[in-house]
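Going by Swiss-Prot, these are the annotated features:
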TRANSMEM  13-33  transmembrane segment
TRANSMEM  39-59  transmembrane segment
TRANSMEM  73-93  transmembrane segment
TRANSMEM  97-117  transmembrane segment
TRANSMEM  146-166  transmembrane segment
TRANSMEM  209-229  transmembrane segment
TRANSMEM  236-256  transmembrane segment
TRANSMEM  270-290  transmembrane segment
Amino acid sequence: MFNVQFDIFNFSNNITFLTLLISLISYWLGLIFKKIKNVFYIGYGSTILACITITIILGTRWIESGYFPLSNLYESLMFLTWGLLFSAIYLEYKTNLYLIGAIVSPISLFIVSFSTLSLPQDMQKAAPLVPALKSNWLMMHVSVMMLSYSTLIIGSLLAILYLVLIKAQQKKHSLKDFAFANLEFTFPKSTNSTNFNLLETLDNLSYRTIGFGFPLLTIGIIAGAVWANEAWGTYWSWDPKETWALITWLVFAAYLHARITKSWTGERPAYLAALGFVVVWICYLGVNFLGKGLHSYGWLN
């Protein structure tokens, strides 16, 4: 049984890498060469296939280990990639905006490459859970946090892309210099189909995506506090991960506050979202490389 699962695991890893590479190439060929737009369908299909293979990887490990596969760095990286791909697939389906896949495929390929090629084999293997992780809160807290990271990352990437394009426009470079400049955004299932230009599209979609990810982040932090009280007798201990999770929450709370109450649009909230992109990665990966705190187990040791 183990050998069969191990073969499925390796095969799925290879297929995931290959499909993400095809997805990346397809999307960017479509953006650079406007006459071959049909290549976007190859990119989208490859993204779906990559998401399926990661599902197989995580499902196989779940069956093998007997617990939800979120106990070490490799598993969390793969789950984060799954969240990124699933979110991109859904958003692209709803909006027909292929730029989403074009910006998500590179970061997904990088994460998968790092997790499968850079991490030592010992860190990729499922290991027995430490006592503190033997709880139903493992799935509730960690999975929700990872899903919030994936949606917040996509929302932030869209905001960063918005800033790149607006700066190019301000420097008197027409957006027509970009291969994707003439894309229009349509709400396919809206009663009144509305077309927006590219910059308005990115600003609006970034706001909506972050608006979805922020409640997930809030729920994940609350679930983690409840779990911490059960495991260590305290809801909050100012662990490095907890501190940076709070900083992440505050950054995106400021973003949504500015959008909702101050009616900010355009560049100003985009800068906040770009800051959030950096903060999310510090919270997720940077803190763990310190090897300190309650969240260091199962990651680098």
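Numbering starts at 1 and runs along the chain as displayed.
Cβ from N, Cα, C; glycine included.
Sequence-distant contacts of the transmembrane segment (270-290), counting only residues of its own chain at least 6 positions beyond either end whose CB sits under 8 Å from a CB of the stretch, comprise 73, 80, 149, 152-153, 155-160, 162-163, 166, 203, 206, 210, 240-241, 244-245, 247-248, 251-252, 254-255, 258, 296, 299-300.
Among the listed stretches 13-33, 39-59, 146-166, 209-229, the one sharing the most Cβ pairs under 8 Å with the transmembrane segment (97-117) is 13-33.
Here the transmembrane segment (39-59) has Cβ contacts under 8 Å with residues 8-9, 12-13, 15-16, 19-20, 22-27, 29-30, 69, 75, 78-79, 81-82, 85-86, 88-89, 92, 98, 101-102, 104-105, 108 of the same chain, all six or more residues outside its ends.
Outside the transmembrane segment (146-166), and at least 6 residues removed from its termini, the chain residues within Cβ reach (under 8 Å) are 70, 76, 79-80, 82-84, 86-88, 91, 99-100, 103-104, 107, 175, 178, 198-199, 202-203, 205-210, 212-214, 216-217, 219-220, 248, 252, 266-267, 269-271, 273-274, 276-277, 280, 284.
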